[in-house]
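**Q** Shown below is the structure under consideration.
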């Protein structure tokens, strides 16, 4: 009996010792990193963008215990996941080094340019895309004499909004309240001034808030942002130039998306590049398994502005350094563990998600630069709740089954009897969204959102547009089912579509001009631009058939009868 007790004590002691050893091993690298920082060590080893040997680790690779490193280095990425059009063209963010260091950097840049030219057969070099983060926004927005400027000066694009009350704005700003950075409970804010960046104090007024906060404050019942709001241009610049301070994987969804936080505490959703601009969606792919494209998110934002909807949050393209701006700043251990070096000496990662998150579909840089879209976050749900609605024309998301609207030609009559589509402008907003999706070729609109504060009398937010612009050679007419079944459209939308079909306001030319302002331009290849003109003619033809069948007054809802008055609650005909 005594021997048995001693044996149990021995087993327990061995177990406790083993646990202690594991805890020490896990905490040791973090303690070393803290001690190094406390002793004045350099916070981060400068990264080299040049290729490394297959067995050579990147500087700073041991941010976490590297027990999986040897296994990860044996992984490799297949061709579909490679980022063929990303290039190393990141500008130095620090001051100029001495002349010797400058010559070395110039030599490395020449080597990288040669690598880029060899790695990029698809497009005519990267020169058309601009030199770096800041170059894209040195271009003036829509210079006078341009088609885009002429469009935004047209009377159809300068209709007044109804007078806004406190109930019509998402946030009511008290100008007597000063912004207190301590509310963020992060002391890094106070230390930003040493980097020459933001160093706000408690004396800041609402006019001095960060651009992302000013964007949130400007949201109202009728639009996400006003037509000529200078904050939007400044915010697009922030998305490209702000230093990324942390990265985490977004939960939910079928494909990898990253939440990036900036030095001014703004946040954006990053969708990395998965396909080149020339690649089309394979014909055997179902719509629900299609890739999400970063350039589709960028193009959707510009299309939304040209259609005068302003229901897509600001989106900008950015070339991201996967080492410095993702791996080295993430606190997401699951994401960090998926980084590896490919046989081509490129930095790759794949994260965790439902589809395409494996070494066979890894996202690889050239060698560590990757393109992506950054979509500005909407206000936190704790501050501005949003309601999620099931799209009445949602697809079945099944390989064989069809949705009810696909088999019932009178389906719209049932929808028009159902709240909130039986009154107000919600059904007409669905028609706007239908036209928007058809021009992009987006079949993946299963839900939509609205701000809860505004009830049913508000616009639809056009989120998640990554599955647009997949096929320029095919027009998916089933997307137009809501329009052809209901035969309803706003007069303002109809007139703008007719305007965009004219040669002087040609939609493809306007999109090309608008997209040139993005740092990753060209965003769309010419066949996609031409496809939008073709699809616009199809939309107008569907509306013309409806007018011929039911009459103009029954199809076109006059939302321009009394400008400046609230017509949101008017009953539907």
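Placed from the backbone N, Cα and C atoms, the Cβ positions cover glycine too.
Feature table excerpt (TrEMBL):
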- 444: active site (ACT_SITE)
- 255, 271, 292, 375, 376, 377, 378, 449, 464: ATP binding site (BINDING)
- 292, 464: Mn(2+) binding site (BINDING)
- 103-117: compositional bias 'Low complexity' (COMPBIAS)
- 121-132: compositional bias 'Basic and acidic residues' (COMPBIAS)
- 339-556: domain 'FAM20 C-terminal' (DOMAIN)
- 38-145: region 'Disordered' (REGION)
**Q** Taking only same-chain residues 6+ apart in sequence, whose CB is under 8 Å from that of residue 376 (ATP binding site), what do you get?
**A** 212, 215, 235, 239, 266, 268, 313, 314, 315
**Q** Quick one: which of these binding-site residues, 255, 378, 464, have their CA within 10 A of residue 444 (active site)?
**A** 464
**Q** Could you work out which of the recorded positions (292, 444, 464) has its C-beta surrounded by the smallest number of other C-beta atoms within 10 A?
**A** 444
**Q** Considering each pair of residues in 255, 271, 292, 375, 376, 377, 378, 449, 464, all listed as binding ATP, report the largest CA to CA distance in Å, no decimals.
**A** 20
**Q** List the same-chain residues at least 6 positions away in sequence whose Cβ sits under 8 Å from the Cβ of residue 255 (ATP binding site), in sequence order, or say none.
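**A** Looking at Cβ-Cβ distances below 8 Å from residue 255 (ATP binding site), excluding near sequence neighbours, one finds 274, 291, 292, 353, 354, 355, 356, 357, 466.
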**Q** If one looks at the chain holding residue 378 (ATP binding site), which residues at least 6 apart in sequence have a CB under 8 angstroms from its CB?
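**A** Looking at Cβ-Cβ distances below 8 Å from residue 378 (ATP binding site), excluding near sequence neighbours, one finds 216, 219, 313, 384, 386, 461.
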